[in-house]
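Structure first, then comments.
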Amino acid sequence: MEEFDSEDFSTSEEDEDYVPSGGEYSEDDVNELVKEDEVDGEEQTQKTQGKKRKAQSIPARKRRQGGLSLEEEEEEDANSESEGSSSEEEDDAAEQEKGIGSEDARKKKEDELWASFLNDVGPKSKVPPSTQVKKGEETEETSSSKLLVKAEELEKPKETEKVKITKVFDFAGEEVRVTKEVDATSKEAKSFFKQNEKEKPQANVPSALPSLPAGSGLKRSSGMSSLLGKIGAKKQKMSTLEKSKLDWESFKEEEGIGEELAIHNRGKEGYIERKAFLDRVDHRQFEIERDLRLSKMKP
């Protein structure tokens with residue numbers, strides 16, 4: 001007996017429940033298993049009071065070869081999850097549609113308010129009173145009349161006439177006549193007209209001399225002396241430089257090359273441009289030499 005008591009029955013493998021193979025199930029075994037499952041389900045429902053009961057939606061587990069299977073439960077869970085996700089998507093879409101509709105309504109309200117504001121304010125600012133319109137028309141008329149007067153004044157100088165002036169010069173005992181076209185309002189034309197007016201009464205003096213009486217010998221002698229002095233008066237002399245310039249101007253007018261020469265002189269190869277360049281070079285050289293002298297003079 002002592003030997004029998006000393007044996008460890010808790011670790012023995014012989015007391016384990018016998019599990020038959022898949023092909024050895026009997027009807028009694030199946031019924032007992034179903035009853036055990038029902039008892040276990042009732043105990044679990046009593047322990048989990050106040051929670052959601054999922055046992056009603058879950059069917060009785062079936063026995064198959066190799067153990068229990070829960071395929072139906074997994075399918076139902078997947079269906080319930082898909083239904084929940086679809087319902088959530090529908091809710092989100094409905095909320096988005098509501099948000100879009102609310103934004104459109106808000107924009108319409110803002111547009112209506114802005115249009116009403118413009119209707120209230122716009123016409124008053126745009127429509128000026130009749131007095132202001134009249135004043136504006138009067139100012140426009142006065143300004144337009146002033147502009148016309150100014151335009152006429154500007155056009156008047158353009159219509160000035162040109163006058164030909166003939167001057168007589170003495171060059172080496174020869175009489176040289178120079179004819180130029182000058183504006184009638186120029187100083188040269190005015191001086192020429194004044195000289196002609198002075199010469200006219202003096203030219204009429206010889207015709208009045210024979211009518212003088214015999215006792216006026218003094219006056220006759222003075223008149224004759226003045227006339228002889230004017231006749232023998234020396235003409236304005238012309239220098240060689242002025243004569244050559246006059247000949248060159250007349251040659252350009254005859255040949256018609258005045259414009260061509262002016263364009264050529266304005267170019268880089270013209271005499272005037274080259275002379276200006278050389279003058280600039282000389283001036284620059286002078287400045288450099290001056291700076292050197294000043295730098296040497298400083299202590």
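Including glycine, each Cβ sits where the backbone N, Cα and C put it.
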Where Swiss-Prot places N6-methyllysine when the choices are LYS190, LYS219, LYS252: LYS219
Candidate set SER186, SER191, SER250, residue annotated phosphoserine in Swiss-Prot: SER250
Checking SER21, SER57, SER144, SER216 against Swiss-Prot, the one recorded as phosphoserine is SER216
Pop the Cα-Cα gap between SER116 (phosphoserine) and SER250 (phosphoserine) into the table, whole Å please. 83
For SER250 (phosphoserine), just give me the three-state DSSP call. helix
